[in-house]
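J.: What Swiss-Prot shows for this protein is this:
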SIGNAL    1-26  signal peptide
DISULFID  C41-C92  disulfide bond
DISULFID  C51-C79  disulfide bond
DISULFID  C65-C88  disulfide bond
DISULFID  C69-C90  disulfide bond
Amino acid sequence: MVRTNVVSFVLFAAIVLCIGSIQIDGQKHTAPWIPEDNSICCKEHPSVGRCLPNIDDSAEKGGKCWKFCIEGCETGGFCKLFGHKHICHCNCSG
């Protein structure tokens with residue numbers, strides 16, 4: 001009986017600690033011991049706003065997603081479909 005209570009308490013404490021370490025801001029979902037990557041590449045950026053394919057991700061048309069991503073990533077970005085809407089996604093450089 002005591003062993004069951006100890007195991008239950010340890011599992012509960014582990015879950016509480018894991019939940020407390022997550023920042024829900026749409027950008028960071030990593031454990032605190034993993035080094036933070038400040039690069040905008042290989043990530044989605046909903047903060048850029050609505051992304052219209054072939055317009056906002058076009059270099060020729062000066063699209064806002066392309067402009068945002070080209071400053072930090074060599075290959076720019078594109079409008080990536082998530083569910084029923086497109087979000088600006090910066091390409092992975094390299």
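Glycine is no exception: its Cβ is also placed from the backbone N, Cα and C atoms.
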J.: Give me the CA-CA distance between C69 (disulfide bond) and C41 (disulfide bond), in Å, as a whole number.
T.: 7
J.: Relative to the Cβ position of C88 (disulfide bond), how many further Cβ atoms are located within 10 Å?
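T.: Result for C88 (disulfide bond): 26 other Cβ atoms within 10 Å.
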J.: Near C79 (disulfide bond), which residues of its chain come within a Cβ-Cβ distance under 8 Å, counting only those 6 or more away in sequence?
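T.: In sequence order, the residues whose Cβ lies under 8 Å from that of C79 (disulfide bond) (at least 6 apart) are C51, L52, P53, D56, D57, C65, H86, I87, C88, H89.
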J.: For C92 (disulfide bond), what residues in its own chain, 6 or more apart in sequence, show a Cβ-Cβ distance under 8 Å?
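T.: Result: C41, C42, C73, T75.
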J.: Report the same-chain neighbours of C90 (disulfide bond): residues 6+ apart in sequence with Cβ closer than 8 Å to its Cβ, ordered by sequence.
T.: I40, C41, C42, K43, H45, F68, C69, G72, C73, G76, G77
J.: Three-state secondary structure of C90 (disulfide bond) from DSSP?
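T.: Assignment for C90 (disulfide bond) reads strand.
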J.: Please give me the CB contact count at 10 A for C69 (disulfide bond), counting all chains in the structure.
T.: 26
J.: Would you say which of the disulfide-bonded residues C41, C51 has the most Cβ atoms within 10 Å of its own Cβ?
T.: C51
J.: Kindly assign C51 (disulfide bond) to one of the three DSSP-derived states: helix, strand or coil.
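T.: C51 (disulfide bond) sits in coil per DSSP, no helix or strand.
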